[in-house]
Amino acid sequence: MGQVLPLVTRQGDRIAIVSGLRTPFARQATAFHGIPAVDLGKMVVGELLARSEIPAEVIEQLVFGQVVQMPEAPNIAREIVLGTGMNVHTDAYSVSRACATSFQAVANVAESLMAGTIRAGIAGGADSSSVLPIGVSKKLARVLVDVNKARTMSQRLKLFSRLRLRDLMPVPPAVAEYSTGLRMGDTAEQMAKTYGITREQQDALAHRSHQRAAQAWSDGKLKEEVMTAFIPPYKQPLVEDNNIRGNSSLADYAKLRPAFDRKHGTVTAANSTPLTDGAAAVILMTESRAKELGLVPLGYLRSYAFTAIDVWQDMLLGPAWSTPLALERAGLTMSDLTLIDMHEAFAAQTLANIQLLGSERFAREVLGRAHATGEVDDSKFNVLGGSIAYGHPFAATGARMITQTLHELRRRGGGFGLVTACAAGGLGAAMVLEAE
């Protein structure tokens, strides 16, 4: 066991997570079509403050993230402060760590709490895959800049004459890694091949995710942590996530064709997480501040770790790298955990990480550790389903996982929970949570 790094303030206070909330998650171009991420963020933070009954002036900092950023609102965090009636002097800034963005937001607020610069803050994230920053071609962009500098009409017309029809076509946001040109699904296909993960295994995990998420909603386990969203034209509110396939059968998954490697692939739309709209946030405080306000925390942040690996091959192995580090810093092992929640970007990615967490060879030869991190107990793993079922608004997923895991830990009488995710750029995140 390496160095334990307790997450406490100088006064010995633990970092308390007192409340968490999210919007329902909606598939791209469905219930939240036309609603930008900044409005989803305002929606969830406003409702979170109202439900918690914590005076807005108690919140001293808001750290929020957005992966698909809109040029007109580059600092989503500040817009949320200004749009929710919070104190105008509340510090607010935005972060982005791809699919681990709200993990980063939580870590940043925790660091401010430990430094003593604040006693309470909000962390979270929002994304919309339905309201996208559609750009222009590089040639058109350059001409538009030059036209702005031109002094005469003839100069402007000459510049425009350089353009061809193809230069006028809109440019959607990139879906591939900037440094490699690989799409996420291409990486998932790499991982399926590298680690011998079959189509049947991927479909089975996806089916499990949907079945468990549907059961969680049916049992009323998500009611406290998911708000009702009222959206224009206000005829029908959105109450639940709309991606979950509660009535599907395992045989249905086999009917879909591969989405990335059309000829030899195993990754399909059904065993991958869909493009999704939504927002999620949590309130963090020092333990003593929560007591002052008479609040009973959902739980505590015990440790966290962020890692990075090469992007060319199997780059979605973040959980296999960050989990041992987070456990080490928490002074725990896999066997100490009550729950494990891993982000399901793709079934192939999820199964590869599970495989490597239990691999002695990977631990020795790649991580330089004496022993494997530990086998993943299926009875503890993604017990309420995962991102394949719920969906994945990039910046909101971490906050969803944290809130969901803490509520489930409390239902089970407390214990330790691990939440972990891969992210674009070869990044990984893991956090250990504790509930009493």
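In case you wondered, yes, glycine gets a Cβ from its N, Cα and C as well.
The active site, acyl-thioester intermediate annotation in Swiss-Prot covers Cys99, and the record cites sequence analysis as its basis. According to Swiss-Prot, the active site, proton acceptor annotation covers His392, Cys422, on the basis of sequence analysis.
The distance from the Cα of His392 (active site, proton acceptor) to the Cα of Cys422 (active site, proton acceptor) comes to 12 Å.
Counting neighbouring Cβ atoms within 10 Å of each of the active-site residues (Cys99, Cys422), the lowest count belongs to Cys99. Around His392 (active site, proton acceptor), a 10 Å sphere centred on its CB holds 26 further CB atoms from the protein chains shown. Distance from the CA of Cys422 (active site, proton acceptor) to the CA of Cys99 (active site, acyl-thioester intermediate) is 7 Å. Cys99 (active site, acyl-thioester intermediate) carries a strand DSSP state (E or B).
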